[in-house]
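Novice: For reference, Swiss-Prot lists these features for the protein:
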- 37-57: transmembrane segment (TRANSMEM)
- 59-79: transmembrane segment (TRANSMEM)
- 108-128: transmembrane segment (TRANSMEM)
- 131-151: transmembrane segment (TRANSMEM)
- 158-178: transmembrane segment (TRANSMEM)
- 183-203: transmembrane segment (TRANSMEM)
- 216-238: transmembrane segment (TRANSMEM)
- 249-269: transmembrane segment (TRANSMEM)
- 296-316: transmembrane segment (TRANSMEM)
């Protein structure tokens with residue numbers, strides 16, 4: 001895979017005004033990996049492993065999967081920063097990224113991305129199993145090639161299909177424990193797939209002017225609030241229904257069942273509130289961001305319940 005390097009024109013576009021110290025340089029490399037995105041992905045990994053094992057897996061397997069998964073996500077994030085550095089300098093939300101400020105050069109970022117990606121696959125392959133390694137390759141490929149290079153600047157549905165990369169950690173986690181991909185893993189994959197639009201589209205509403213300036217067709221930048229809110233509601237309904245399929249098909253117990261139902265109902269209400277405000281032309285950045293942050297809370301609650309579930313009670317069905 002060859003990534004074309006866009007020319008840097010100023011110090012802010014990739015030529016640091018002075019040499020950074022070790023601590024500052026390390027901080028810049030960490031920022032390249034998009035640690036907030038990485039944290040969110042890792043929230044799903046350990047609970048999925050616990051649920052797959054119906055208990056606590058081997059500690060070394062947990063470490064290999066978590067570290068390998070984190071490095072894979074970090075590699076994908078760094079590749080994304082490298083490719084998108086031309087539009088990152090236009091958008092206020094991304095103007096402090098290391099390649100924009102010049103804290104890291106494009107060459108350094110590209111070498112770092114490849115090194116981290118190769119290391120991540122090696123850790124997953126040998127620390128877990130080859131299937132986990134192959135799924136790690138698929139995750140990086142989908143985020144870098146399918147989302148960043150192909151979809152992001154071409155379609156308002158970019159994060160729908162590009163979001164597949166964000167679903168891969170649950171498949172990697174399940175495969176690490178069982179050496180196969182089974183129906184419960186596919187259900188969890190679909191939950192995150194359906195969760196992605198209600199998570200990102202409210203954010204695109206908040207930063208619609210940024211995306212317009214960068215000519216990135218995020219739905220919140222190219223469609224009105226009413227259209228976006230309808231899509232958020234529809235995807236949220238599908239997500240909640242999908243999450244409940246884990247009860248009959250994944251042998252979920254009482255903790256997961258209660259939390260999936262209650263958290264799902266709460267997030268549905270938030271999605272419908274957004275739609276109601278959009279319908280009355282009273283939607284604000286604050287109300288859009290409330291749904292964005294609510295989506296993170298929902299996913300966190302769901303996967304915490306998934307981790308606790310095997311230790312409490314018996315499966316309700318199956």
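Cβ atoms are placed via backbone N, Cα and C, with glycine included.
Any idea what these are sitting next to in the structure?
Specialist: Listed by sequence, the residues of this chain that lie at least six past the ends of the transmembrane segment (108-128) yet keep a Cβ under 8 A from its Cβ atoms are 3, 5, 29, 32-33, 60-61, 63-65, 67-72, 74-76, 78-79, 81-82, 98-99, 135-137, 140, 172, 175-176.
Tertiary neighbourhood of the transmembrane segment (131-151): same-chain residues 1, 3, 65, 68-69, 72-73, 75-77, 79-80, 83-84, 117, 120-122, 124-125, 157-159, 161-166, 168-169, 171-172, 175-176, 179-181, selected by CB-CB distance under 8 Å and a gap of 6+ residues from either end.
Taking Cβ pairs closer than 8 Å, the transmembrane segment (183-203) reaches residues 44, 48, 51-52, 159-160, 163-164, 166-168, 170-171, 173-175, 218-220, 228, 231-232, 235-236, 238-239, 242-243, 245-246, 249-251, 267, 271, 274, 288-292, 295-296, 298-299, 302, 306 in its own chain, all 6 or more past its ends.
Outside the transmembrane segment (216-238) by six or more residues, the chain places 87, 152-159, 194-195, 197-198, 200-210, 267-268, 271-272, 274-275, 277-279, 281, 283, 288, 291 with a CB less than 8 A from a CB of the stretch.
Proximity of distant same-chain residues to the transmembrane segment (249-269), defined by a Cβ-Cβ separation under 8 Å and at least 6 residues beyond the stretch ends, is recorded for 51, 183-184, 187, 198, 233, 236-237, 239-240, 243, 294-295, 297-298, 301-302, 304-306, 308-310, 312-318.
With a threshold of 8 Å between CB atoms, the same-chain residues lying at least 6 positions outside the transmembrane segment (296-316) that come near it are 40, 43-44, 46-48, 50-51, 53-55, 188, 191-192, 195, 199, 243, 247, 251-260, 263-264, 266-267.
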